[in-house]
C-alpha cells in the first residue's frame, strides 16, 4: 500500500512527541533503578525506552491499523514477534532509544529510528535526533531528505568519492569474534579513521549527510538498520548482506556492509575481514 503524506507526517509527529514527553525529560535524569540490563552488562534498557515504545506503538496502530509493530523492547519480551515479522505483509519497526548506552550514561548521542516495512521491503525510513529536533526520511525512489521544522527540506546525496585512506569507517570491533578482530584491525589501518558511535541512528545520519563512507555491522537487528539502509541507498549508497547486494529487514540476519557510495563496496577485498 502506498503511504500517504498524512500517515508519514503522523509518524514523524508521533516520534517527536515521544521524544518530548518520554525521552528528553529523562535524559541525564535517570536513577539507578530506572536502568536495567538485557543480554549483558552493556546491553541496557531504561524506563525511557519502554515508555517511548509504548507511545509509538499506540500511534503506529492508530495510523496503520492492522500493521504488526516490531519494537526492540517488545521483541525482548516476546521473541516470537520476529517470527511473525517474517510472515506479515505490513509492519512498523521501532527503536525507541537507539544508543541506549549513550543515553543512560549522559551522552547526547542517541536517536529514534522508525521504519515501515511492506512485503519485506522498507517503504519509509526515519532517523530522528531528539536533542536537535531534526530528522532524515526516505521513501523508495523518493530520495532522502534532511528536515527540521524551521527550514525547507534538503535533499541528501551522501559522501563524495574519496580515496580509501580518507574514508571514515564505522567498525565496531567489540561486536566481532576475537578471531576476526585482528583482520579487521589490519584492514582499518588503510582507512582515514575507524571508530564507532554506539548508535546506528547517528552513524546512518552521518553517512547520509556525506561525512562517512563505510559501516560494518556483524550483529543485525531490523530496528537498527531497516530505516538507515533505505536512507543511505536513496543517497546513492549500497548495502551487502552476507556478501550479496541488498538487505531485507525480515530476512536472515547476515552481517552487513554499508557504503556511502554504491561503487565503493564492489571491491571483494572489503568483504572477507567483515565476515561477509
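Each residue's number is its place along the chain shown, starting with 1.
Here the Cβ of each residue, glycine as well, is placed from N, Cα and C on the backbone.
The following features are taken from TrEMBL:
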- 72, 95, 98, 224: Mg(2+) binding site (BINDING)
Count the Cβ atoms, other than its own, that fall within 10 Å of the Cβ of residue 72 (Mg(2+) binding site), considering every protein chain shown.
23
Setting 72, 95, 98, 224 aside, what same-chain residues sit with their Cβ within 8 Å of the center of the Cβ atoms that define the Mg(2+) site, listed in sequence order?
94, 96, 97, 113, 200, 201, 221, 223
With every protein chain in view, how many other Cβ atoms are within 10 Å of the Cβ of residue 98 (Mg(2+) binding site)?
28
With Cβ-Cβ distance below 8 Å and at least 6 positions apart along the chain, what are the contacts of residue 224 (Mg(2+) binding site)? List them in sequence order.
95, 98, 113, 200, 217
